[in-house]
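**Student:** Before I ask anything, let me first share the structure, which is written out below as structure tokens.
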Amino acid sequence: MSLELPVFDISKPLSESSLTSLQDACKEWGFFYVTNHGVSRDMYKKLRRFSTGVFELEDEEKMKMGASNYTPRFIASPFFESLRVSGPDFYASAKSSVDAFSDQATDEEFSGLMKEYGEKMTKLCEKIMKAILSSFGDDLHHKYYESEFGNCHGYFRINNYTIPSDQEDDHHNGDEQDLIEGLGMHTDMSCITIVDQDDIGGLQVRTRDGIGLMDINPKDEALVVNVGDLLHAWTNGRLRSSQHRVILKRRGFVGNRFSLAFFWCFDDGKVVFAPDEVVGGCEGMRVFRSFKCGDYLRFRESNEKGKFEKVGDTVEDFARIEDRR
């Protein structure tokens, strides 16, 4: 079943009613769409073209990029591989990935494109975060944006999901049990994540009761935004970091899936602790203990590798005060 999420024109300040809708979407689902975001389809197509050339290389060549730049299959999923480009110097990060196997002209064009994309997405995250803070009222974005989110940084993953050829023959039966998880159920380790997915779709979010799954379909000219664990904790649990997954195979269609996911995070040294004004909206009960962002990221990384069929540990496991469940 498809989930109808609100769509926000992020090119202009949101009205009071739109801010209310934004707050409601973040509380109920932790997902929404944005339009007029400044990232053109032409840029997306160029990124896909360059990245496809990299993904088509032999595994031995791709592994030369190193573990910090390339995630091969069977780390997060047997069907998933990704390139990582980290800010704030997106150019240098991209260049370090492809230096090993590309010519200088291709290297510079690829790195320049990654730099442009990373900088656009960083500015977009800043704009979205200010809107989310404004949705709380009380001028929260003026009070806390610079002090709490001013040092946030971003990185993005270029994701390639591949259907195994030995599972392509039986896809016409429409059997829900025959679906393949390209990436298993998880939450994001970010403040916010922005996803640009192709027209194949496959993104699903788990309902609050933990029973159902809803499709978040691609929407023309729109990007998907979701709340991550760090913002979930910073808002004392008021905004939802939802469990979600990616499906590769569904009812009569088989193909590769391509997406760009930009993760906007606190710096590693940031102590995550909900402000009193935010806690007050939860009847004054503090739900999460304070924690250092880098400690949480290391906790997640140590608990996720190779566990394809398990929902990874989240900030709920790491920092929630036990008697507040």
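Cβ coordinates are placed from backbone N, Cα and C, and glycine is handled just like the others.
Got these off Swiss-Prot a minute ago, pasting:
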type	residues	note
BINDING	H186, D188, H244	Fe cation binding site
BINDING	R257	2-oxoglutarate binding site
DOMAIN	152-266	domain 'Fe2OG dioxygenase'
**Student:** Where among the binding-site residues H186, R257 do you find the Cβ with the fewest other Cβ atoms within 10 Å?
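**Tutor:** Per-residue Cβ counts within 10 Å for the binding-site residues H186, R257 bottom out at H186.
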**Student:** Residues with Cβ closer than 8 Å to the Cβ of D188 (Fe cation binding site), same chain and 6+ apart in sequence?
**Tutor:** N226, G228, D229, S241, F263
**Student:** What does DSSP give as the helix, strand and coil breakdown of the domain 'Fe2OG dioxygenase' (152-266)?
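**Tutor:** So the counts come to 12 helix, 51 strand, 52 coil.
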**Student:** Across the domain 'Fe2OG dioxygenase' (152-266), what does the pLDDT come to on average, as a whole number?
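**Tutor:** That stretch averages a pLDDT of 87.
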**Student:** I want to check the contact list for H244 (Fe cation binding site): same chain, sequence separation of six or more, C-beta distance under 8 angstroms. What comes out?
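**Tutor:** Residues satisfying the criterion: F31, M185, H186, T187, L203, Q204, V205, R206, I216, N226.
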